[in-house]
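I have placed the structure first, in the form of structure tokens, so that the comments after it can refer back to it.
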There are 2 protein chains.
Amino acid sequence: MHTGEGSSAHDPHRDIPEATVARLPVYLRALTSLAERNIASCSSEELATAAGVNSAKLRKDLSYLGSYGTRGVGYDVDYLSYQIAREIGVTHDWPVIIVGIGNLGQALANFSGFSSRGFRTVALLDAAEPMQGRTVAGIAVRPFADLAEIVTAEQVSIGVISVPAAAAQDVADAMVEAGISSILNFAPAVLNVPDGVDVRKVDLSIELQILAYHESRKAAEAEESVDDGSGEGVSA
Amino acid sequence: MHTGEGSSAHDPHRDIPEATVARLPVYLRALTSLAERNIASCSSEELATAAGVNSAKLRKDLSYLGSYGTRGVGYDVDYLSYQIAREIGVTHDWPVIIVGIGNLGQALANFSGFSSRGFRTVALLDAAEPMQGRTVAGIAVRPFADLAEIVTAEQVSIGVISVPAAAAQDVADAMVEAGISSILNFAPAVLNVPDGVDVRKVDLSIELQILAYHESRKAAEAEESVDDGSGEGVSA
DNA sequence: CCATGTGAAGGTTTTCACAGCT
DNA sequence: AGCTGTGAAAACCTTCACATGG
């Protein structure tokens, strides 16, 4: 295990904590929103509020990228936006394919936020006969069998899976085989992928169940507090 | 801050860590999948594999609920399923409303996983005139103005927001006002809610950007390793 | 004998609080 | 004078490794 490939201990180019990485896109969105309101600069406090975090966390997060603020003043919105976009790697667009053009796949294909935030949907794939030849969001639906060809031709490294759970692993295998190394999985299934391939999952029922857990607790607390006035709240 | 409301230090009824709560639904899904394959019992190792975590973590997580396994043997699938479902609070169904019946809202309404995992969509709401009177997934779309009435009548405490970002805060305010205390937010916007209201967010472009970050790093590493043979992989 | 359940160790993340720069 | 950037402390989460009990 080597230590740093020609980067001084302090230089901003290795080892951004995962928790920070997960928040950078949120900061970027907050900055975009400030820019749209013609706000040219902001304090860590203001940006933190816009991003829904506290300012100490925001400053610590930004410190991993470098020193892009001005002490006593704050941050230049455009400059910081660019630095974060560069760190994330969305200064140029990433080609993306979506496999599984059911209700969810169609919603994803139509989702404008995809294209406006550094991603370009280059193909929609579906295995079902009836989908062939249809066009969704201006993009033709192609047979699943074309996967490898498309991935190679368009240099795709990110794939979205929106097929039913039962088909998800097969799709993931085919994606990896074709050369994709990052997968966003909407199917409620655990995917096995080799090392070097990243998977992130979005699972709607899991999110609801987490809410249900806290909701149950609130109900239980309300019952208890017949003789206990304290109302503790949970929030994210 | 009090400590425990009549529960002994060891009794399974307070203080399940948030990280554990977020995994319980995953375990529940893995157990359901085992049950469907007629597997009546399993070891922590097997269940952990099915859930995509390591077995130590699984055992630690389950230990917060109580001792529902048998040493030397493993876990009874049905029994553990029930215990987890009870802990989460999904032994009975939760009524849910969806506000914003665009592409995504329609996909959510049609999503069978919602109804099969402890949730029942009791109403679809949309502010747009052209949506009124339409039916999605067998449920009539109603005007947004009916929100409070529906929440009260159906005792809804969980709401899903799938409107454009610009409208999200207003919808959240109306939900809170109507009595909803848990929100699943699909709009790419930070929501301000009072204490006691839970918000979870699902943001598609954020997930993609996190993948893009790691993808950029992989590319950078590949370039570096012209004179360095080590191939470190990242995976989730 | 075997797999669970769990203290204790090791990491990571968050928060604090203030030194340092503009 | 004020806000950033950051060590150090506290909180939280994961992993280890083994005592415990069926």
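Each position is counted from 1, following the chain as shown.
Placement of Cβ uses the backbone N, Cα and C atoms for every residue, glycine included.
Feature list (source: TrEMBL):
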DNA_BIND  B:26-65  DNA-binding region
DOMAIN    B:89-190  domain 'CoA-binding'
BINDING   B:GLY100, B:ILE101, B:GLY102, B:ASN103, B:LEU104, B:GLY105  NAD(+) binding site
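Confidence annotation: the DNA-binding region (B:26-65) carries a mean pLDDT of 98 in the model. Secondary structure counts, DSSP: the DNA-binding region (B:26-65) has 28 helix, 2 strand, 10 coil. Neighbour counts were taken at the CB atom with a 10 A radius for the binding-site residues B:GLY102, B:GLY105; the maximum falls on B:GLY105. Counting every protein chain shown, 26 other Cβ atoms lie within 10 Å of the Cβ of B:GLY100 (NAD(+) binding site). Each residue in the domain 'CoA-binding' (B:89-190) gets a DSSP state, and the totals come to 41 helix, 29 strand, 32 coil. When each of the binding-site residues B:ILE101, B:ASN103, B:LEU104 is scored by how many other Cβ atoms sit within 10 Å of its Cβ, B:ASN103 comes out lowest.
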